[in-house]
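J.: Have a look at this one before I ask anything.
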Amino acid sequence: MAKPVNAFTCTACGATHRKWAGKCDACGAWNTIIEEAPLSQGPGRGLGTLKGKPVPLSGLATQDAPPPRAQSGIAELDRVLGGGLVPGSAILVGGDPGIGKSTLLLQAAAAFARSGQQAIYISGEEASAQVRMRAQRLGLGDAPVRLGAETALRDILTTLDAERPDVAIIDSIQTLWSDQIEAAPGSVSQVRATAHELVTFAKRRGTAVILVGHVTKEGQIAGPRVVEHMVDTVLYFEGERGHQFRILRAHKNRFGPADEIGVFEMTGGGLSEVANPSALFLSERGEPSPGSAVFAGIEGTRPVLTEVQALVAPSTLASPRRTVVGLDSGRVSTILAVLEARCAIPFAGLDVFLNVAGGMRVAEPAADLAIAAALLSAREDTSLPADCVLFGEISLSGALRPVSQAENRLKEAQKLGFSRAILPSATKGEGLAGMRIDRTPDLTSFVGDTFGAG
Ligand code: TYD
Ligand code: MG
């Protein structure tokens, strides 16, 4: 039997090490390894005596109807959950401090309670009076939410076990502590243990448990990655500080499509839903200007139009700036390299700034063509046609690859008044009546057709 050793755990990936090190071998992160009390030791003699009880096994063809989902009535939230809250599911909502997690979940608790669900909100960060005051300010004072302020896991579980609510919200997982673990609240072992207990409770009692988790500066939920694996659904609440808009994005969902987004606006009266995000993200667009291209994207199951903005200026630096906000910077470097190598359009000696308007984040490769168009338009100081959207993936050879759901993208563009689209030649479908479709096989022809001689 191995002698019990103090475990050293990486806070980024959850890997355990026998001794402290500056760098985690498993994930390569620096300064993330911390010392923890050893996990409780099992019998340690293997499972030779096998005293367990048999697990009931069943076939795949069971006819159980899927349990009804609980809808909050906040459509943007229900959509991100995959159509509502599944009873007995565990959900983690992550986000930067101050982004609006507590506000969102208080509004959600009130909405669930008003639609006839039993909802309990446990705050470990604020006193009940504070939460009540906020609820009143948000006009939720009359919602039948049951409120508690507690951080001791044992007391919380005892309460939940007695009340058996339909939904329990725990704000936040970093404030909870279990008396079984000798470590401070917020430490890896506490977060892991308390999350595990709450997820187990959810499965056993059929209560949907929503955990709030703060994220670290690196953008990960503080505590080990294992918490993300334990829960059924991981949602991130994102947004730029300077913007009103907040995006709730499903990173993982066992009960619905990942990458689904819900869009909210932070107002004086709390978060309000944004039913038409495309109109919102394009609302700041004025006259056509160089460096602006409209991308017809798909977020989850719904088309969303966004504006990609580029600025290209002579650089005084030896290695020019590449500042990218809202897009994948690796992707942008690739596009710059393809423009240089395949179309002979160099960006050496030029600073490049790229941004997605409205604080939106775009991860689809389908945005490649719009990014290239914005870059070229900025470099050539020529505006793209104002009524034109673009989409298409750029391969390393400079060819344009078709992307999925072309028709949905075009329909959304038409709905918002766009009458022209530039897309890869191989795109399936006929296009829409009343919309001019320009099909291009590769980046070189796109440059020639749109900006004159490349
Ligand atoms: P909060 O929900 O406390 O954030 P989190 O739980 O993610 O830390 O939100 C805090 C911010 O939201 C705060 O800076 C003020 C702003 N806010 C509004 O603008 N309007 C409102 O109605 C509320 C309740 C908060
Ligand atoms: Mg909070």
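From the backbone N, Cα and C atoms, a Cβ is placed for every residue, glycine too.
Remember, predicted model here, so these are calculated numbers, not experimental data.
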J.: Quick check on the annotations: TrEMBL lists motif 'RadA KNRFG motif' for one of 217-221, 252-256, 287-291. Which range is it?
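T.: Matching range for motif 'RadA KNRFG motif': 252-256.
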J.: I'd like to know which of the binding-site residues listed (G95, P97, G100, K101, S102) lie near ligand 2, counting only a CB under 6 Å away.
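T.: Cβ < 6 Å from ligand 2, in sequence order: K101, S102.
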J.: Sorted by position, what residues of the same chain at least six away from D96 (ATP binding site) have a C-beta under 8 A from it?
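T.: In sequence order, the residues whose Cβ lies under 8 Å from that of D96 (ATP binding site) (at least 6 apart) are H214, V215.
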J.: Just how many other Cβ atoms lie inside 10 Å of the Cβ on K101 (ATP binding site)?
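T.: Result for K101 (ATP binding site): 24 neighbouring Cβ atoms inside 10 Å.
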J.: Let me know the DSSP-derived helix, strand or coil state of S102 (ATP binding site), please.
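T.: For S102 (ATP binding site) - judged by DSSP and reduced to three states - the answer is helix.
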J.: Can you name every residue in this chain, apart from G95, D96, P97, G98, I99, G100, K101, S102, with its Cβ inside 8 Å of the center of the Cβ atoms of the recorded ATP site?
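T.: Near the ATP site, beyond G95, D96, P97, G98, I99, G100, K101, S102, sit H214, F237.
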J.: In the predicted model, what is the mean pLDDT computed over the motif 'RadA KNRFG motif' (252-256)?
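T.: The answer is 90, the mean pLDDT of the model over that range.
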